[in-house]
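Features as listed in Swiss-Prot:
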BINDING   37, 38, 69, 88, 89, 90, 91, 92, 93, 94, 95, 96  5-phospho-alpha-D-ribose 1-diphosphate binding site
BINDING   69, 92, 93, 94, 95, 96, 134, 135  GMP binding site
BINDING   89  Mg(2+) binding site
BINDING   92, 135  xanthine binding site
BINDING   92, 135  guanine binding site
């Protein structure tokens, strides 16, 4: 990845609210299925905005820090997804998204961020990201002191 896109907590909350607005009315949904781990925080934000209490997870491992590797389903929510929102933080190459579509063909699959290769696999997203860009999510970062340039 040649570029980085840094996401702050504030940005994430703003984008999640935009996505939640598009998912109204809330009473059309039975619940939310979060794709672990990237979709966990966005699912909490959507659940709050939409007043949804039924939140489940599908646990798929497809990244090893910044490298994609073999995909493995560790846990899945029951059913075909009918009446459920499935959320992940982003759709990248589409590998995870294809697995989600196979598991939950009737779900409404959304992400906050979408890269060109994966975009056709989601029903909705908020932000376009170039394919060669790595997204730094706020839960992966910490605040660090940076000394002044003058050294004083």
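Residue numbering: from 1, along the chain as shown.
Glycine too: its Cβ is placed from the backbone N, Cα and C atoms.
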Residue 135 (GMP binding site) falls, by DSSP collapsed to helix, strand or coil, into strand
Of the binding-site residues 37, 89, 95, the one whose Cα sits nearest to the Cα of residue 134 (GMP binding site) is 89
Reduced DSSP state (H/G/I helix, E/B strand, rest coil) at residue 94 (GMP binding site) is coil
Check: min Cα-Cα distance from residue 135 (GMP binding site) over binding-site residues 37, 91, 93 goes to 91
For residue 94 (GMP binding site), the nonlocal same-chain Cβ neighbours (under 8 Å, six or more residues apart) come out as 117, 118, 120, 121
Residue 37 (5-phospho-alpha-D-ribose 1-diphosphate binding site) falls, by DSSP collapsed to helix, strand or coil, into coil
Across 93, 96, listed as binding-site residues, the smallest other-CB tally within 10 A is for 93
